[in-house]
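Listed in Swiss-Prot for this protein:
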- 10-154: domain 'N-acetyltransferase 1' (DOMAIN)
- 82, 83, 84: acetyl-CoA 1 binding site (BINDING)
- 156-305: domain 'N-acetyltransferase 2' (DOMAIN)
- 242-244, 249-255, 281-286: acetyl-CoA 2 binding site (BINDING)
């Protein structure tokens, strides 16, 4: 067996990006969960991710392991994600990748384990890491399941996204609502444009709430998403982003906007819907529990103890 080699790069070339994308696909098929987030997938192709560094581990010129490191900014630590080719597992590649990104990213670096699979838990234990953040995936059925009636609150108007003219308000509310969030809170027009270019994008699935007294200042929005059928897995909807401006919270807008999206997804014929929520977001968890969502799996960000 030949010795594998690690190397860092600020940008993957075309062949590397294709090989990494294929590796991520194999890992997803083997594990039942994607090892890298949507933002990370964009960074692989070079479409996004300022400052992202890529670590590849090769064996005989074949990429057998991949990690990416998103630099820290302000109070937010550096974040890393990684994947090991299913055919190359059991050789310590995952542990080496984690050790290297922790060294490169600094003492507060966090490493995502999507699905928190047993192999990831074993690496974390071996390296003395502890869970620093949890991201929960919740799901609920749509087909054959009741949804509360959608009743628009008094003094509130709902409409859908009209195009780039809405972007400044969407980005303003997003930044304010997710100021604490190292990934979501840093969105710019580039992230908006990337998502508008995706095959799943549908302006009719982005719901926006305004006060009837001021229909230029956005109070909150709910962006839905549809994941297409993959193999035996049917298409599924997603509560992609729900953002409520700090000055509009506590008025029931989160529930209203979520329900608007759920009705839309059900009307499209989808059988189920998923969402992601921080494990310590008690308010959101309470809202989603009342709407019939249940925990499906957990992503854990590990850090040095």
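Residue numbering: from 1, along the chain as shown.
Quick reminder: no glycine exception, Cβ is built from N, Cα and C everywhere.
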Query = What three-state class does DSSP give residue 285 (acetyl-CoA 2 binding site)?
reply = helix
Query = Looking only at DSSP and grouping its letters into three states, which state does residue 254 (acetyl-CoA 2 binding site) belong to?
reply = helix
Cα proximity to residue 244 (acetyl-CoA 2 binding site), best match among binding-site residues 82, 83, 84 = 82
Note = Rounded to a whole number of Å, the separation of the Cα atoms of residue 283 (acetyl-CoA 2 binding site) and residue 82 (acetyl-CoA 1 binding site) comes to 31
Message = Using the Cβ center of 82, 83, 84 as the acetyl-CoA 1 site position, which other residues in that chain lie within 8 Å, going by their Cβ?
response = 23, 27, 35, 65, 66, 67, 85, 93, 94, 97
Task = May I have the DSSP-based helix, strand and coil counts for the residues of the domain 'N-acetyltransferase 1' (10-154)?
result = 51 helix, 41 strand, 53 coil
Task = With H, G and I counted as helix, E and B as strand and the rest as coil, say where DSSP puts residue 244 (acetyl-CoA 2 binding site).
result = strand
Request  = Pop the Cα-Cα gap between residue 252 (acetyl-CoA 2 binding site) and residue 84 (acetyl-CoA 1 binding site) into the table, whole Å please.
outcome  = 43
Inquiry  = Let me check the 10 A CB neighbour count of residue 283 (acetyl-CoA 2 binding site). How many other CB atoms are there?
reply    = 11
